[in-house]
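Structure record follows, encoded as structure tokens.
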Amino acid sequence: MWRHPSADFSVSKIRYYSRHKGEVNCCAFSPDCHVLLTCCDDARLYLWSATSAKHLATFSGHSGPVKSCVFSSDGQLFASASHDRTVRIWSRSSTECTHILTAHSGSVETVSFSPDGQRLVSGGWDNRVLIWRVQSGEMLEDLRGHTAAVQSSAFSSDSQSVATGSWDRTVRVWKLLEEKEAVTLQGHLGNVACLCFSVRGTLASGSWDGTVRVWSPMHHACLFVLGGCERVWVRSLAFSRDGLVLASIAEGDMVRIWDVTSGVCLKRLQGHKDSGYGCVFTPDGKLLTSGSEQLDVEEERSESLNRTEQDSKE
């Protein structure tokens, strides 16, 4: 009998990643699921063993809070965006910064690699969306149209489109290397704080208005509005590998799991002791990790929520 993938979500085997000296703003898994990358208001990035929670390395160089971090698809590079107005590209193997990207004139709030590893998108307080060539650090496109700060970004799975979310309350979907007007998705009543594409091509956006919207960018249509009963800031979103479920975390102490085919909230995972800041699935779909402002008096900042795969029970 078919079981919905969310049936096996549970909170167990909690691991703590506890060297952060400020709020954890973002976390990302390496493609092989062995390493967890986190970034923090203390201006540093941290690498951890995802299985043991052992601290592997600390990366310094930014002069302000690090707002976003992401691995490249091959896991050899990672990128960071900072309040210091720069984007940095780092080599995982050499632990060196390979490029410092400096075109932004305000805090950089978001950074994302394209799935093909060739391009990088960044956005920030200067209302601009910049596309960069990863290998050289060259800026390829300066996309303008948002009328307020750009806080979130995501590439489509084919690397041909990028979505951006802004404090102007809109989502824009840009077709790269084509002289076409961006598709503007409207409906949120607050700043758009987070975005993610599924492998099925749907796009999810989370807002300060307390809602998550699931879109069909091709049809310029909103398919579902999730939540909204509480006016809380939706901070992070993540689709499962199969695109059937969506995880969201907001101000509060729980992660919500949504069925994106019906718009129903399937589970509420509790474990944090303070507001959550980021959530992400491992590439293999077995784990969902979420970061929070503060877990306990010892300032342990981040925990893993274990997902047991369906086939392990069969």
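Cβ atoms are placed via backbone N, Cα and C, with glycine included.
All annotation found in TrEMBL is predicted automatically rather than curated by experts.
Feature annotations, reproduced from TrEMBL:
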{"type": "REPEAT", "residues": "17-58", "note": "repeat 'WD'"}
{"type": "REPEAT", "residues": "59-100", "note": "repeat 'WD'"}
{"type": "REPEAT", "residues": "101-142", "note": "repeat 'WD'"}
{"type": "REPEAT", "residues": "143-184", "note": "repeat 'WD'"}
{"type": "REPEAT", "residues": "185-216", "note": "repeat 'WD'"}
{"type": "REPEAT", "residues": "234-268", "note": "repeat 'WD'"}
{"type": "REGION", "residues": "290-314", "note": "region 'Disordered'"}
{"type": "COMPBIAS", "residues": "302-314", "note": "compositional bias 'Basic and acidic residues'"}
Taking only the residues in the repeat 'WD' (17-58), give me the average pLDDT of this model.
86
Give residue numbers and ranges for long-range contacts of the repeat 'WD' (185-216): same chain, 6 or more residues beyond its ends, CB-CB under 8 A.
148-149, 151-157, 163-167, 169-173, 222-239, 241-243, 246, 248, 250, 258, 260, 263
Tell me the residue counts in helix, strand and coil for the repeat 'WD' (185-216), as DSSP assigns them.
0 helix, 19 strand, 13 coil
Taking DSSP states H, G and I as helix and E and B as strand, how many residues of the repeat 'WD' (101-142) are helix, strand and coil?
0 helix, 22 strand, 20 coil
